[in-house]
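According to TrEMBL, the protein carries these features:
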{"type": "DOMAIN", "residues": "27-436", "note": "domain 'DNA-directed DNA polymerase X'"}
{"type": "DOMAIN", "residues": "74-93", "note": "domain 'Helix-hairpin-helix DNA-binding motif class 1'"}
{"type": "ACT_SITE", "residues": "LYS89", "note": "active site, nucleophile"}
{"type": "DOMAIN", "residues": "115-134", "note": "domain 'Helix-hairpin-helix DNA-binding motif class 1'"}
{"type": "REGION", "residues": "226-313", "note": "region 'Disordered'"}
{"type": "COMPBIAS", "residues": "257-266", "note": "compositional bias 'Basic and acidic residues'"}
{"type": "COMPBIAS", "residues": "282-311", "note": "compositional bias 'Low complexity'"}
Amino acid sequence: HVLLNFAYYKMSSSDSGHRKGPSAKDNPNYDLCEFLMELSAYERNVTRNTFKSNAYRSAASSLAAYPTRVTGAKEASSIKGIGKRISEKIEEFLSTGKLKKLEKIRTDDTSTALTELTRVSGVGPAKARQLYDAGITNIMELKKRTELLTHHQLIGLKYVEDFEKKIPRAEVQTIERAIRGSLSNMKQQYNMTVCGSYRRGSERSGDVDVLLTYDNVEVERKTVKLEESSSSLTKETNAKNEVAKKRKDISDGSSDEENHNKDNINTKKNRKLKADQKYTTSSPSGSSSDNKSYATNESSSPSANKESASKTNHRAMLQSVVHQLQKDNIVTDQLSLGDTKFMGVCRVPPEECYRRLDIRLLAPEHYYCGILYFTGSDLFNKDMRTQALAAGFTLNEYNIRPMGSTGVPGEPLHVNSELEVFDYIGMKYKQPSERNM
């Protein structure tokens, strides 16, 4: 089962942002999750069929969250995220203890080599195929041809065994304390949250995901024109009043179902009206003045200049953070450093393993949407985005915006907590530990 474990790791610790695979602890369907993750890795790394890869991976995540042992195809197909064909494969595995498709994959030299090479962080399907075409079929051979690798891939090769080991929760806590202690020595103070499966309560993690923001919110806001600030505040107040009214209606004695039906009719009308108002008060082109995706002539606009300055400032701040962590012997290697994201390696004695560390620096107004998104799980995020669209909003890792009648998002709504995001879209709040799907 060596191939199975390698493939399983790759899909649970990929640098694509979808890292967290199912854990063995308290998972009665772990063996089923494992073969589904192997199929997912095969489709991703060998056939490069992203659709199938994601389908297998989603099914594995759904099974990991299922509280009891699945007994057959009928039960499997009743679980969200598991279709007929995957259910049939689960039935075959339960009945025979193996899967014909996997048996064939494991005897295919090309498949074995590509999966082996993608063990290395930074080596994706295309690079693995390139290395295979150069005659490299395994890690030992790759170590003799390091001139073919990028800096990221060289670091991935150096720590390939360590990166494949899951991080115990206690060790993540040790790393978290060390980072907090290091940041406390800086002049600029930061707020910090460790996200991912760790925040969802997992006992083991693939890496450490850190989100940072800074305290000087008012410095950012002073650059906004007074009339824009006033307009934005009025719109946010209207939206929050709507949420408060909904809560009051429920507390006045109507049944949940009655209020839900009323809300579906009235709230959608109000939200649409609100969104239309936001649309008409945005830039002349019909787009939000600070939304570069829709802005015209963005290179010369004040908002574009502000965004450029903000990126520069963020990059300098993030560089300072990384430098401090290096100075305190927490960060050992750097994979990449952008305007808002650092990817690297850390180790905190007395632990011997080197661990993957990602740090994202977000503006204060993006922080809570960022925490929500990077906590996951992937399936939970997908469900929440669907709920947001149904309620007349668009939601991503940066902000929540009302949708205008033309489908163009309005101005971002200011949020002070994850709870406010749930309230805006009419979704019951779930603790991080309840978001494992």
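Using the three backbone atoms N, Cα and C, a Cβ is placed for every residue, glycine included.
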DSSP-derived helix, strand and coil totals, residue by residue, for the domain 'Helix-hairpin-helix DNA-binding motif class 1' (115-134): 12 helix, 0 strand, 8 coil
Average pLDDT across the domain 'DNA-directed DNA polymerase X' (27-436), rounded to a whole number: 82
Close in space, distant in sequence - LYS89 (active site, nucleophile), Cβ under 8 Å, 6 or more apart: PHE35, LEU36, LEU39, LEU99, LYS101
